[in-house]
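Enquirer: Taken from TrEMBL, the feature Mn(2+) 2 binding site covers 97, 130, 193. Per TrEMBL, active site is recorded for 99. Here TrEMBL flags 130, 165, 443 as Mn(2+) 1 binding site. The active site, proton acceptor annotation in TrEMBL covers 164. As annotated by TrEMBL, domain 'Peptidase M20 dimerisation' applies to 215-364. Annotation source TrEMBL lists site 'Important for catalytic activity' at 226.
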């Protein structure tokens with residue numbers, strides 16, 4: 001099959017479908033009935049699109065989710081779809097998700113986040129790069145063969161969920177259940193749910209960090225206090241909490257929790273050389289990130305601290321006064337939220353114990369009469385792949401064919417739980433093949449995917465099918 005031209009029929013259909021999908025407010029993070037209905041609608045649109053390709057589609061009912069307030073919400077179905085079952089062909093399974101992070105124009109978006117808007121070749125909208133655009137690019141690659149009456153060189157399977165941004169509820173359970181069923185004949189698993197390290201050079205990803213999310217509550221009483229009436233005569237929960245959060249990490253980014261670095265995998269010479277080979281312009285990266293300065297001055301140090309060392313981030317305080325104006329209140333109960341990005345070979349349960357021990361020790365030194373409670377609300381393992389697998393070679397060749405260059409071999413500092421779940425459960429080759437540029441702004445205001453990345457990414461997937469078939 002010839003490489004599809006940008007003006008082909010498949011390209012002409014790309015943007016309208018993406019526009020329709022972006023228009024669905026499929027936010028899984030906020031547990032409210034209206035948004036859950038939007039998620040269900042999004043999954044139906046995906047089912048219809050896959051059936052139009054001739055795929056056999058099974059929308060697996062995942063039941064419901066009971067929230068702490070007693071409310072029950074439906075969990076969107078997980079789509080299992082397959083196209084072709086020729087035993088002489090390799091079977092490639094694509095994972096994607098169609099839920100998104102919350103977005104409001106009032107939060108700093110230049111355009112309506114749920115209206116696909118093209119500006120200077122950039123397609124803005126929530127979900128364009130994370131992850132509706134890449135899911136559609138895979139579908140576009142399959143439909144290109146169909147449009148040209150060409151036989152697909154591989155068997156294709158899809159697993160598409162709608163709760164990734166909320167922790168992939170029930171997904172691991174389904175993968176384990178289908179190990180001997182849907183996944184039994186899968187040879188390769190491809191995920192496209194992250195970004196390049198560059199604005200223009202493609203990449204392949206072979207590792208991600210994990211994540212342990214913590215909440216630390218400091219409570220005096222359920223009601224707030226008037227600072228004129230009570231200020232100066234009690235241990236203020238906010239003061240305790242600020243001290244606790246301030247004890248976690250120093251100004252150089254080093255985590256201050258004792259023992260936290262003990263199990264981090266040692267750096268090898270081979271790995272160090274891989275960082276040196278990556279094409280990263282630090283100044284361009286700083287500029288595209290809209291940063292004055294990073295904590296590190298060399299490419300190698302920056303990449304290692306992004307990918308292969310743990311980091312701790314403080315995310316927010318629940319219960320604090322954060323509205324405009326001056327309110328002289330002392331919060332009676334506050335909850336601090338922070339997370340630690342985990343790397344091989346950190347043990348999640350050990351990290352949890354280290355965090356609790358450190359916070360309890362710090363709190364006891366304050367001699368506060370308040371109550372402190374610590375909980376780890378989310379625990380996700382890191383993932384690392386074997387870059388010598390056949391599908392990595394196939395992807396390198398596909399990228400070289402479409403983009404004319406070798407890809408950067410990178411890791412990702414974020415967490416994509418399904419990669420580790422697939423690798424541990426199904427024990428097949430897992431690869432991450434990102435389409436988006438480093439400045440796409442996933443999870444942020446003004447998220448976008450470049451039209452060029454979207455079109456060329458669809459071509460890369462099509463070329464990948466051909467290369468996998470040759471190697472297999």
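From the backbone N, Cα and C atoms, a Cβ is placed for every residue, glycine too.
Predicted automatically and left uncurated, TrEMBL annotations should be read as such.
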Enquirer: So if I draw a 10 Å sphere around the Cβ of residue 97 (Mn(2+) 2 binding site), how many other Cβ atoms end up inside it?
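Expert: Neighbour count, Cβ to Cβ under the 10 Å cut-off: 28.
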Enquirer: Please list, for the domain 'Peptidase M20 dimerisation' (215-364), how many residues fall into helix, strand and coil according to DSSP.
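Expert: Going by DSSP assignments, the domain 'Peptidase M20 dimerisation' (215-364) contains 56 helix, 29 strand, 65 coil.
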Enquirer: Can you tell me which binding-site residues out of 165, 193, 443 are within 10 A of the residue listed as 'active site' by Cα, answering none if there aren't any?
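Expert: Correct set: 165.
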Enquirer: In the structure shown, which of the recorded positions 226, 443 has the fewest other Cβ atoms within 10 Å?
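Expert: The recorded positions 226, 443 were compared, and 226 has the fewest Cβ atoms within 10 Å.
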Enquirer: If I take the Cα of the residue listed as 'active site, proton acceptor' as reference, which of the recorded positions 97, 130, 193, 226, 443 has the closest Cα?
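Expert: Sorting the recorded positions by distance from the residue listed as 'active site, proton acceptor', the top entry is 97.
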Enquirer: Given residue 226 (site 'Important for catalytic activity') and residue 443 (Mn(2+) 1 binding site), what distance in Å do their CA atoms have, once rounded to a whole number?
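Expert: Spelling it out, the Cα of residue 226 (site 'Important for catalytic activity') and the Cα of residue 443 (Mn(2+) 1 binding site) are 37 Å apart.
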Enquirer: Is it possible to get the count of other C-beta atoms within 10 angstroms of the C-beta of residue 99 (active site)?
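Expert: Other Cβ atoms found within 10 Å: 26.
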Enquirer: How big is the gap, in Å, between the Cα of residue 130 (Mn(2+) 2 binding site) and that of residue 443 (Mn(2+) 1 binding site), rounded to a whole number?
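Expert: Residue 443 (Mn(2+) 1 binding site) has its Cα 8 Å from the Cα of residue 130 (Mn(2+) 2 binding site).
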Enquirer: Which residue, out of the recorded positions 130, 164, 165, 193, shows the minimum number of other Cβ atoms inside 10 Å of its Cβ in this structure?
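Expert: So among 130, 164, 165, 193, the recorded positions given, the one with the fewest Cβ atoms within 10 Å is 165.
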Enquirer: What other residues of the same chain, not counting 97, 130, 193, have a CB atom within 8 A of the CB centroid of the Mn(2+) 2 site?
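Expert: Checked against the 8 Å cutoff, the neighbours are 96, 131, 134, 164, 165, 416, 442.
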